[in-house]
Amino acid sequence: MSAALRFDNIGKVFPGVRALDGISFDVHAGEVHGLMGENGAGKSTLLKILGGEYQPDAGSVLVDGQPVQFASAAASIAAGIAVIHQELQYVPDLTVAENLLLGRLPNAFGWVRKREAKRYVRERLAAMGVDLDPDAKLGRLSIAQRQMVEICKALMRNARVIALDEPTSSLSHRETEVLFKLVDDLRAQGRALIYISHRMDEIYRLCNACTIFRDGRKIASHESLADVPRERLVAEMVGREISDIYHYAPRALGDVRFAAEGIDGPALREPASFSVRAGEIVGFFGLVGAGRSELMRLVYGADHRRAGVLTLDGARIDVKRTGDAIRHGIVLCPEDRKEEGIIAIASVAENINISCRRHSLRAGLFINRKAESETADRFIQRLKIKTPNRRQKIRFLSGGNQQKAILSRWLAEPDLKVVILDEPTRGIDVGAKHEIYDVIYRLAERGCAIVMVSSELPEVLGVSDRIVVMREGRIAGELPREQANEHAVLSLALPQTSAVEAA
């Protein structure tokens, strides 16, 4: 039986980088084929070829045994291919219904039949078990909700071949379970699926087969994962053994470096207070909508704070906007790195140096390009940022390498005191996570107070000295590392009725 989808010796070269080199594997109807590899291994590039965004420089793609070459995304869609990229593609000023039906809204004599469109969307969303308001504007939804819209858009096209790139990176547990059911249903219907994820649990839960990429090459293909240990997949991905991804080691902690008292804002149900000692890593955990990111934005001055007092090294500080926070040595690495973290049109060097340009000025007027280049090269080497050179536009880097560049930006700051990391390893492979944890530990050893917001409970348990748990817009409790385990943390994070049931 011929494969529903075949990649035959695919090659793709960008200036200075061989992104794909001789990639070949099959995906069969009724199969979920996992695709794993470090950031920059070529997984997303392959999906962009499948989706018509890139053209291969070598090899061919076959659908149902027939060679195809998609000159555009529209051609790929017309051939029954649906690709859900990690970078969300939506129109923020349009509604959920309008985004889902973009380009195919029902009309009569040039007029869009909005009532019919909304009814159709509502029925399809209900059938998929997705709770979204068809009238809501996309730009006002959370990242998780926008991601569900993107997934639903692809599924509503009834594609024969569906590729999903890190689809659960922003989803809650409930939304993830909805997605898993959709994937299982699509497999039962005979669709062919490619599933990219760095989360081992998802790969073993969903995938019949799995292919591993490293540095643009296929390292291995497994027709079944039943007898393949996780350690083997990790070693194939990164080319080395990683026995303990978190490699936590206790540190000597100093006095309270940063404290927030009575912080209040629209997203919080009651005022919140917390503190962090010098050299301490405090993990913030909670379900989607718990208010963790919103609290951090209030502390950082990104959103208006109705009340609250901030102290740094025992002295009260006034933070009304982000510039105030940065002047006091407080920085935030945001949850949505593409929208708020990077300057996509700028180079890697410019993104690394943007926060410390005041230290790179010559005569107070001109940027010292030599110092800027030396700083960028130092951190590219130190953090193993995969880029052809420092002049490469950062938008062409993988998510993990973009995140390393953002972290480099703050490592270059000489007066850093407080670092707030919001989902620092979202969508990042196991090898890059290992390196980012090294950066976090390095910052803590410098005496920085670290706040790490994460939706990955194993990460919070593995990295943190202390864990603060939020639930429904308030701080539900905190646990020292010695008392923290999955049951204790989830008992605080879940709504009280669910917590009783879970126990």
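Any Cβ shown, glycine's included, is placed from N, Cα and C.
Under the heading domain 'ABC transporter 1', Swiss-Prot lists 5-240, citing sequence analysis as support.
Annotated ATP binding site per Swiss-Prot: Gly37, Glu38, Asn39, Gly40, Ala41, Gly42, Lys43, Ser44, in sequence order, evidence recorded as sequence analysis. For Glu38 (ATP binding site), the count of additional Cβ atoms within 10 Å of its Cβ stands at 25 [all protein chains shown].
Feature annotation from Swiss-Prot assigns domain 'ABC transporter 2' to 251-497.
A sphere of 10 angstroms centred on the C-beta of Lys43 (ATP binding site) encloses 29 other C-beta atoms. According to its DSSP assignment, Gly37 (ATP binding site) is in a strand.
Residues belonging to the domain 'ABC transporter 1' (5-240) score a mean pLDDT of 86 in the model.
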